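Below is one structure; the comments refer to it alone.
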Amino acid sequence: MDRTKTAKVSLFAVWTILLVLNVNGQSGCDTHSFANNIAFTSCSPLPALGSFLHWNFNEQNSTVSIAFRHPGTSSSSWIAWGLNPSGPQMSGTQALVAFTNSSGQFQAYTSSVDGYGTQLTRGDLSFGVSLVSTTLVNGEATIFATLELPANLVMTNQVWQEGPVANGIPQVHQRTGDNMRSIGRIDFRTGQSSASGGGSGSRLRRRNTHGILNAVSWGVLLPMGAMMARYMKVFTAPTWFYLHIVFQVSGYAIGVAGWATGIKLGNDSPGTSYSTHRNLGIALFTFATLQVFALLLRPKPDHKYRFYWNVYHHTVGYTTIILSIINIFKGFDILDPEDKWRWAYIGILIFLGACVVILEPLTWFIVLRRKNRGGNTVAAPISNKYSNGVNGTTSTTRQHHQDA
């Protein structure tokens, strides 16, 4: 009998706890009361940052009145909620933002987020917005607005966020925990809201893969291949020639894979356009492909057109490397990874630059000394085939400068 009573008491306790948790969850959403008798037919507790979204959808004119609530808002923080038809991400989000300005007023406005380093500046959205207002009561901020939704935004991606404010300007939010999980799907017509699924994770992996492939290929392997051709020929021959080919061909192959992932990402995000990054990527792919064909069409060392081939080969090659480095930093601005990754690449560039500073005068010293001794400016023994190499190098100081 005692065991039966104990089991009943335990069951009752569990049931009570579940009921309390359910009531608490409901009180945060369905039973919330707004001032001025404002009521919403749909409500969703968002799965991160403790936020809530309430809305009324009008099927006849395809408008939705929303109230985005975020408890725990202070005068030194901003909040934002928005829709992103291009994908479950911050960049491209058509957002409603609220924070306390330098005059001490809690204000709300619209902002079209065009990058991950944004300061959420004021701007028009891609759809109509009216009746934008906000309140901040007992640490709970609420943004109200009415949105005129095109057909592709009735069911779309939603993004919400919070971050710090400094000197009256919104700053970048944290990149860990809930701040990286505050994305999901919303269907205003059916009233369904969900956390982001595997699609966003897959997209993030593709973005990271795209960044890694391009940083390694265009940003590391190609510059190292150029250094092999310029500096190693006075030390190792014909090894430098093979090293140059290995680095350049490997860099090109990996770079094409990275370029292809970028094209795929662009096709999957029709509403997002990074025109500068895209155009530089197309130019890099074009230049690198021309270099591959130029290698196949390389004239013999004593051919009358070899000099012009050298000028073309060097100009396109160095231009490709410079544009590659610029575009990699453009990619960093778009991906907005942790600072350690940007600094890691900067460290690699500093290392390569230090190698250039050391090897450039050393190479010239060796070349001039061999010239004064009447010897070859490239490492001996070496055949005429490799002394000309891919750059047409001969044993004169003038041509070493021309080809290096």
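Just so you know, glycine gets a Cβ as well, placed from its N, Cα and C.
Worth saying up front: this structure is predicted, and the values here are computed from it rather than measured.
Note on TrEMBL: of 36-56, 309-329, the range annotated with the feature transmembrane segment is 309-329.
Distant neighbours of the transmembrane segment (241-260): 209-210, 212-214, 216-218, 220-222, 224-226, 228-229, 232-233, 281, 284-285, 288-289, 291-292, 386, 389-390; these residues of the same chain sit at least 6 beyond its ends, with a Cβ under 8 Å from one of its Cβ atoms. Helix first, then strand, then coil: DSSP counts for the domain 'DOMON' (49-163) stand at 3 helix, 65 strand, 47 coil. Long-range Cβ contacts of H210 (heme b binding site) within its own chain (separation 6+, distance under 8 Å): G258, T261, G262, L265, G331.
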